[in-house]
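Peer 1: As listed in TrEMBL for this protein:
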| type | residues | note |
| --- | --- | --- |
| SIGNAL | 1-17 | signal peptide |
| DOMAIN | 37-122 | domain 'Copper amine oxidase N2-terminal' |
| DOMAIN | 139-238 | domain 'Copper amine oxidase N3-terminal' |
| DOMAIN | 290-697 | domain 'Copper amine oxidase catalytic' |
| ACT_SITE | ASP362 | active site, proton acceptor |
| ACT_SITE | TYR450 | active site, schiff-base intermediate with substrate |
| MOD_RES | TYR450 | 2',4',5'-topaquinone |
Amino acid sequence: MKSLCLLQLVCLAGCIASRSREWAHHGAPIFADLTVHEMKAVRAYLHGIPEMGLTNARSRALNKNSILLMELHLPKKHEALKALDRGHAKPPRQARVIIQFGNQAQPNITEYIVSPLPSPTSHEVKTFKGAKPVTFESRPITVVEYDHINDILKKISNKAHKLLFETTGGFSYSNCSNRCLTFSDIAPRGLDPGERRTWIMLQKFVEGYFIHPIGFEVLVNHQDLDPEKWTVEKVWYNSMYFDSVEELVEKYESGEVEKLKLPDHRDDDFYSTYIPRGQINTPTNKHGPKLVEPQGHRYHIDRNFVEYAGWSFAYRVRSSAGLQVFDLRFNGERIAYEISLQEAIAFYAGDTPAAMQTKYIDAGWAMGTSTFELAPGIDCPEIATFIDLYHYFDTDKPVRHKNALCIFEMTMAMPLRRHFNSDFQGGYNFFGGLENTVLVLRTTSTVYNYDYIWDFLFYPNGVVEVKVSATGYIHATFFTPNGLHYGSKVYNYVLGNLHTHLIHYKVDLDIDGRENSFETLDLKFVNFTNPWSPKHFIVQSKLHRTEHRTERSAAFRFGKKFPRYVHFYNPNKKNKWGHQKGYRIQFNSHAHSVLPRGWREENGISWSRYPLAVTRHKDSEATSSSIYTQNDPWEPAVSFENYIRNNEDIVNQDLVAWVTVGFLHVPHSEDIPNTATPGNAVGFFLRPFNFFNEDPSVASRSTVIVRPGQDGKPKIQRWTPEVIGHCVTDQPFFYNGTYAGV
């Protein structure tokens with residue numbers, strides 16, 4: 001009878017797991033990015049509405065009505081869960097569309113929800129929390145606007161042609177061949193809401209032009225939709241400010257301005273390029289180590305649904321922000337509904353006007369659309385599965401980004417766990433070990449000069465690592481002696497400016513259900529009489545738990561002591577040992593605040609005040625930033641601080657963790673030509689904390705156990721093929737655990 005009941009329980013568990021997998025697979029398309037067909041259908045639908053008066057995004061006029069961005073609009077969470085948890089019909093797919101209405105008396109930005117897809121028939125206005133309007137000046141800059149900026153820079157450079165030519169040793173902005181100038185534009189574009197004034201610095205247009213400033217910066221007012229009305233408001237040259245290009249040129253010619261002469265540019269000066277130079281002791285006729293899969297992939301991909309070693313999840317790459325994972329489950333149990341990149345910022349300091357104005361807020365550059373092709377063997381292993389991405393931003397048709405996302409399994413070259421059990425007599429009782437392999441979901445964002453590598457890593461023991469690695473070119477400005485307060489000289493006339501990177505993530509945890517609570521764990525010393533030697537005292541650490549009952553209590557400020565453990569748990573579910581099932585977030589970060597609280601631009605990044613803030617889930621609080629924050633951080637359309645201002649109860653609720661990670665970067669000579677990834681990776685781990693009854697990776701058949709046999713020979717126990725394969729080794733595994741003197 002007991003055996004029959006056990007068999008029934010096993011069958012029931014198997015049925016539940018099978019059904020969970022089926023529903024997860026069924027619901028994954030809810031989160032899939034818009035298809036090319038859907039994008040084209042949405043565009044055709046909106047262009048077919050006469051009163052909108054839409055024209056092509058790439059037409060030369062700025063005072064036009066056009067589509068700026070199109071991406072998936074997610075359904076409400078409870079609607080998605082009906083499909084994911086009960087197998088109900090999936091909610092209709094919808095598109096979020098941003099339209100620039102520039103051809104009217106009061107230009108504005110309006111967002112619409114267009115549905116149903118793939119054959120839309122309706123649209124409704126989408127508003128932000130509090131119905132805050134979006135100012136027209138806060139829109140991202142477009143290719144067409146850049147074309148007009150290029151035109152005004154030609155006019156400016158023509159007026160200052162002699163100055164620029166003499167300063168650079170023969171470079172010019174127009175009518176040039178291999179000695180051309182280019183530009184970098186700075187944001188935010190102004191000092192107050194409603195402005196559109198941009199500092200622009202000129203650089204030599206060579207490989208790695210980001211680190212070739214020439215010491216000429218200009219402030220252009222391009223707020224008017226008629227480019228003929230744009231004006232130059234300030235010019236900076238050789239550490240001096242001028243009210244116009246004409247004033248600078250006049251004083252340059254009269255000798256009132258010290259003439260700047262850069263060292264002659266040599267075509268064989270490769271400092272900003274990837275061309276190898278210097279001594280190398282590695283043989284050049286041999287490739288380095290490579291990953292192999294002796295028996296092929298051990299993961300499965302079906303469109304945006306991925307399965308691996310007990311894990312399952314859906315993914316998307318949101319055009320405005322980047323990589324996101326949904327419905328993350330381990331062995332059928334949901335751990336998180338959403339883990340998503342929200343924002344990346346780099347706030348700089350410097351002595352030139354461009355440097356002191358640089359506060360990059362990368363969603364404002366449609367960070368998610370900067371996902372370019374990944375290089376096999378460099379960006380991802382050759383064995384990876386490469387996937388195309390499609391975006392619709394500042395375009396008139398969907399744009400295909402070939403091989404812009406990759407998925408692969410790799411060895412960590414480190415055991416997940418191992419133990420050598422010595423007999424202390426030259427032998428051993430047993431050896432046990434398990435290799436550590438992970439599945440990696442990766443894409444990149446090249447936001448102008450910087451390259452971010454975005455990773456999700458899924459470990460076999462129920463751990464998830466979320467990581468960003470920074471590389472690419474530093475943001476450099478013209479060297480001045482005072483600039484050494486704000487960075488390092490990295491080349492002739494080149495200052496690498498100090499800056500802080502901060503990355504913000506949304507982590508919507510559902511620990512065995514939506515009803516979760518949050519606590520922190522620290523240690524306190526206790527002092528008590530030794531029970532087996534009363535004349536002595538015992539001093540040791542004791543766990544100190546703090547339950548956080550409100551949002552304000554769970555918003556931890558930078559500069560304050562951060563708890564040792566931050567623990568999310570289900571107060572209604574326990575594991576076999578009586579502990580509440582939970583997960584904790586473990587930080588790998590060196591982040592700190594970038595501006596004082598409430599200081600102007602800081603209002604747009606109020607999430608940066610907190611390494612961790614915990615809120616109740618609300619569909620109206622879907623993101624912590626927006627595509628408009630870059631050009632209006634002073635009065636942002638999305639204010640994260642408003643999410644915790646009402647200080648709601650967070651006990652036994654659907655909780656969201658908002659995580660900030662980052663690091664300070666003081667550039668140095670080794671950042672030439674590029675910043676390297678070692679030491680420049682930050683992120684966090686999601687680690688089970690009494691969620692399971694034991695380490696779930698005990699299910700892995702990659703374990704190897706070695707015991708000494710009675711004949712003295714090692715007895716190897718394993719559950720995978722004895723010989724791995726010719727690409728690795730043709731020899732079977734061997735282990736001899738003895739040791740002796742020599």
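Backbone N, Cα and C atoms are what each Cβ position is placed from, and that goes for glycine too.
Each of the listed features needs to be described in terms of its position in the shown structure.
Peer 2: Note on the domain 'Copper amine oxidase N2-terminal' (37-122): mean pLDDT across this stretch is 97.
Neighbour list (ASP362 (active site, proton acceptor), Cβ cut-off 8 Å, at least 6 residues apart, same chain): GLU343, ALA344, ILE345, ALA346, SER445, VAL447, GLN630.
Neighbour density for TYR450 (active site, schiff-base intermediate with substrate): within 10 A of its CB lie 22 other CB atoms from the protein chains shown.
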